[in-house]
Amino acid sequence: MAQTLLNDTFLRALLREPTDYTPIWLMRQAGRYLPEYNATRARAGSFLGLAKQPDYATEVTLQPLERFPLDAAILFSDILTIPDAMGLGLDFAAGEGPKFAHPVRTEADVAKLAVPDIGATLGYVTDAVREIRRALTDGEGRQRVPLIGFSGSPWTLACYMVEGGGSDDFRTVKSMAYARPDLMHRILDINAQAVAAYLNAQIEAGAQAVMIFDTWGGALADGAYQRFSLDYVRRVLAQLKREHDGARVPAIAFTKGGGLWLEELAATGVDAVGLDWTVNLGRARERVAGRVALQGNLDPTILFAPPEAIRAEARAVLDSYGNHPGHVFNLGHGISQFTPPEHVAELVDEVHRHSRAIRSGAGS
């Protein structure tokens with residue numbers, strides 16, 4: 001049965017086509033701020049139990065869509081699935097975040113790295129993509145909203161792989177980058193091949209847009225960012241499938257702290273650039289001059305403010321971008337686990353309401 005996408009506003013915005021309103025989805029929209037997510041996670045037994053079982057991943061992917069009229073779903077998974085598939089031994093210790101049992105720190109460690117067989121090691125992710133697409137679609141083939149697939153960037157994955165987990169200063173991975181750039185580039189080359197293969201597998205399974213999360217690109221100095229992060233994002237994009245089943249598959253790239261390099265990111269071949277909250281959205285639109293769509297960029301902590309303040313800040317973001325195509329509303333980073341769900345409802349409602357008013361010329 002041919003499928004019909006009932007709400008394609010998000011995809012049209014990414015392609016800079018006119019829309020009746022500004023679409024919104026939120027980074028980490030399926031997460032710990034939702035009581036129903038915590039209940040499902042308890043049933044799954046752990047975060048990895050949740051992410052590695054397609055039924056659970058599907059359930060939590062859909063949970064925010066049941067609460068809020070969001071314009072896209074994003075696959076529930078984790079950016080560290082690729083290094084886990086490489087055999088580095090991923091674990092999430094309570095209160096400590098991700099840890100790898102076998103960090104990559106020596107020439108011998110690097111020599112062991114290889115691009116994983118996506119089907120053999122990450123089939124649970126592509127199974128989840130297919131299952132989510134089915135769950136988003138009714139018996140008459142009508143799909144509610146598009147599904148986003150994603151991966152960490154080659155550099156961001158390398159940060160966790162070399163550090164062995166999270167870090168405050170990334171001194172281990174940066175030391176390798178400066179002392180042994182040959183090793184770092186070997187890691188990044190393998191990661192770029194793996195990320196491209198992983199995203200292409202998600203696209204083939206049914207992801208209708210993909211996003212590259214370069215969470216730690218902003219930790220690099222100018223110059224180092226281009227060598228160790230941006231160049232490898234560009235390599236991933238060059239290998240991506242950009243059409244599937246006759247439809248364009250837009251790609252989004254997001255470097256947290258990357259406002260300095262907006263023009264360079266926009267020139268990588270992406271359809272859209274994600275922005276954090278430190279960037280003025282209106283000026284960003286002028287800087288990219290319509291070459292790409294922009295996604296962002298409300299400070300996530302604003303969601304702790306009173307409802308009217310949330311609505312006012314949402315209007316400010318929308319007003320900054322103005323009545324132009326090519327904007328997807330999002331937060332400047334992932335939603336906090338402590339965010340009141342009712343405040344998210346206020347945000348989504350105001351983004352839809354005010355952007356419709358802007359389109360109609362009614363302003364605020």
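Yeah, the Cβs are placed from backbone N, Cα and C, and that goes for glycine too.
Taken from Swiss-Prot, the feature substrate binding site applies to Arg28, Gln29, Ala30, Gly31, Arg32, Asp78, Tyr160, Thr215, His333. The local packing around Tyr160 (substrate binding site), expressed as other Cβ atoms within 10 Å of its Cβ over all shown chains, amounts to 28.
What Swiss-Prot records for Asp78 is site 'Transition state stabilizer', and it gives sequence analysis as the kind of evidence. Reduced to three states, the DSSP call for Asp78 (site 'Transition state stabilizer') is coil. Asp78 (site 'Transition state stabilizer') has a Cβ environment of 18 other Cβ atoms inside 10 Å.
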Cα-Cα distance linking Asp78 (site 'Transition state stabilizer') and Tyr160 (substrate binding site), given in Å to the nearest integer: 12
Separation of alpha carbons, Arg28 (substrate binding site) and Asp78 (site 'Transition state stabilizer') (Å): 10
For Arg28 (substrate binding site): intrachain residues, at least 6 apart, with Cβ closer than 8 Å: Gly334, Ile335
Where Tyr160 (substrate binding site) falls in three-state DSSP terms: helix
Which of Arg32, His333, all binding-site residues, has a Cβ with the fewest other Cβ atoms inside 10 Å: Arg32
Most distant Cα pair in Å, residues Arg28, Gln29, Ala30, Gly31, Arg32, Asp78, Tyr160, Thr215, His333 binding substrate: 23
Ala30 (substrate binding site) CB neighbourhood, other CB atoms within 10 A: 24
